[in-house]
């Protein structure tokens, strides 16, 4: 049983490294105006996370549009606003599909 656990931990570490590499590639390709290749890299990284049954890393989760699957670079293909109408939150709008994300801001004590 210990051997299986070690194998799973090792494979999850490899999967995390590959996800990071693919997401960095997606970021570079989007800056070079290659949107389709960037979407393919995002899709591949999501498939790796699903196959390994692990959650997608939080640092990358908010950089992907949940509607169209494109990688978001703030100011280039997405806009970011801070609103405080009913509650304080960050509004991220994907400029490709016009999908809106709201991320609540926790108040510090």
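The backbone N, Cα and C atoms fix where each Cβ goes, and this holds for glycine too.
Per Swiss-Prot, the features are:
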- 65, 68, 94, 97: Zn(2+) binding site (BINDING)
Residue among the binding-site residues 68, 94 whose Cβ has the most other Cβ atoms within 10 Å: 94
Cβ within 8 Å of the mean position of the Cβ atoms of 65, 68, 94, 97: remaining residues of the chain near Zn(2+): 66, 67, 69, 70, 72, 96, 98, 99
Densest Cβ neighbourhood among 65, 97 (binding-site residues), 10 Å radius: 65
